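Inspection log for the structure reproduced underneath, given as structure tokens.
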Amino acid sequence: MNINSVDIIKSCISLGIMVTLNQRLDAETLTLVADEFGYSIELIGTDLEKAIQGEKDTEKDLKPRSPVVTIMGHVDHGKTSLLDYIRKTNIIAGEYGGITQHVGAYNVKLKKGNSITFLDTPGHEAFTSMRARGTKITDIVVIVIATDDDVMPQTKEAISHAQLAGVPIIFALNKIDKINSNTDKIRRKLSEMNFLLKEWGGKYQAQEISAKFGLGINELLEKILLEAKILNLKANPNKPAVGTVIESYLDKGRGYCTSLLIQGGTLKVGDYIVAGNFHGKVKILLNERGNHIKKVYPSKPGIILGLNGAPTSGERFKVFKDEKEAKRLASKKNQLKKEYNIRYKKTITLEEIVKNVSLKNFKELKLIVKGDMNGSVEALIDSIEKLSTNDFFIKIIYYNIGHITESDVLLAKASDAIIIGFNVECSLKSKIFAEKHKIEIRLYYIIYNIINDFKNTLNLIKLNKNKKIILGKAKVLNSFKNKNKENIAGCLILNGKIIRNSKISLIRNGVIVYNGILFSLKRFKNDVKEVNKGYECGIIIKDFNDIKIGDIIECYQH
């Protein structure tokens, strides 16, 4: 508006609004102030919402579409095995540890000519937000419950998500092939939760199945199609595509890959698209099996290459008529995101500062998290942050998708952080750089292992805080293997004394990575019982062969 800030402050005061020079004004105040100077305000958030949603369809434009079905339930209850049997391919072999770690969207063509699009959500508790997103884009939810187990907390959570989304629920009572299968027990537990199944006089459909042997699968599919028929699902295929981002990741050879679910219109190669805050041209379009295709119709999944970034799972996308329009909208969305970040940026409160200062043993672990997909990174951060306690605070200082780079190592060095990589690689150059600066990089392929490692570390900290009596500390100056391939640590005793056969903790970058027994203690070639401060010695830790230069070996007793 080219108006002096002093004049704007005076205008606010005249309107009864007390402001400071650097204060950010809300939409209502901005509108009032602009009106005082004869200007009108364009609120880009509202326009963006309309632009990304697109025009409403008329009844004559709508055509029947396939149902989108989300498979949900507790870990190991057979969700992926069910989908695996339906697809007749082994999905689970491609996932580390046999646990589904990303949301997958798969379109399955049935013998009668019908098709169903399935969303497979991970069962681990870390993926709560991903399951919640799955129910927002689905027509029907199938809750898989193992009949040799129970209605578990994650099962109840999945049911809650489906209820909140207001979508029909079908229960798949799995593992009926097991000797200890008890379907009536599951029916009874569901009835206690006010989910009375049709065979017991209620309204909820259920089907007994064995995902392993294919028993009852055809009947389950028929019930899904029956529910879809009742819903009368339709979409307009003759317009620019709109829909939702299922997942996005950075492929080393191909760039950003984004998995989408088309909910209206038809997505084509060459379309200009905005997804989240990113835009681009659809250069390559693949189906979920990795085959090149030219078009994707409503209720079908597709993978695109061509976006200039990786949008978050659950973001809306829309196709625009030209690149200029797509860039303009993406630019506005970025502007809105920056404004939001400035306005709602998290800051530590006085209450937190007082609390932290009052805790004499307060510790903070800083982490950098890199993953292959947005959804997994988000789930991982959520799980790790929940482990923070008053005595040990875990702070994620940076996260992103993609492989671990030298920039990540530099940031870790500057902030005394540990780098966590999930389903990503670390280049040799970055590894050498990290070793040079003594930065720890931990690579994982199963989310359970990350969470368990942190839980174990925190449990050890809690235990040690109350019971440990430190006898001495040694610093690892050298590390090598003997003829028995045991890891020998050449150490200098920093304080106290190190005693053979005593309990030890191996500490790396301030984190206990192993608790064990000091198996062997030597001075030169001689076995000794103990070594005092200022002397060097050789140490072998029982059943542990990952000692690194710079590690601290802490000898203690209870």
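Each residue's number is its place along the chain shown, starting with 1.
Glycine is no exception: its Cβ is also placed from the backbone N, Cα and C atoms.
Please treat TrEMBL annotations as automatic predictions, because they have not gone through curation.
Here's what TrEMBL has on this protein:
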type	residues	note
DOMAIN	64-234	domain 'Tr-type G'
BINDING	73-80, 120-124, 174-177	GTP binding site
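Of all the binding-site residues listed (Asp76, Ile176), Asp76 has the fewest other CB atoms within 10 A of its CB. Its Cβ placed at the centre, Lys79 (GTP binding site) has 27 other Cβ atoms within 10 Å.
Taken residue by residue with DSSP, Lys79 (GTP binding site) is part of a helix. Gly73 (GTP binding site) falls within a strand when secondary structure is assigned with DSSP. For Gly73 (GTP binding site), the count of additional Cβ atoms within 10 Å of its Cβ stands at 28 [all protein chains shown].
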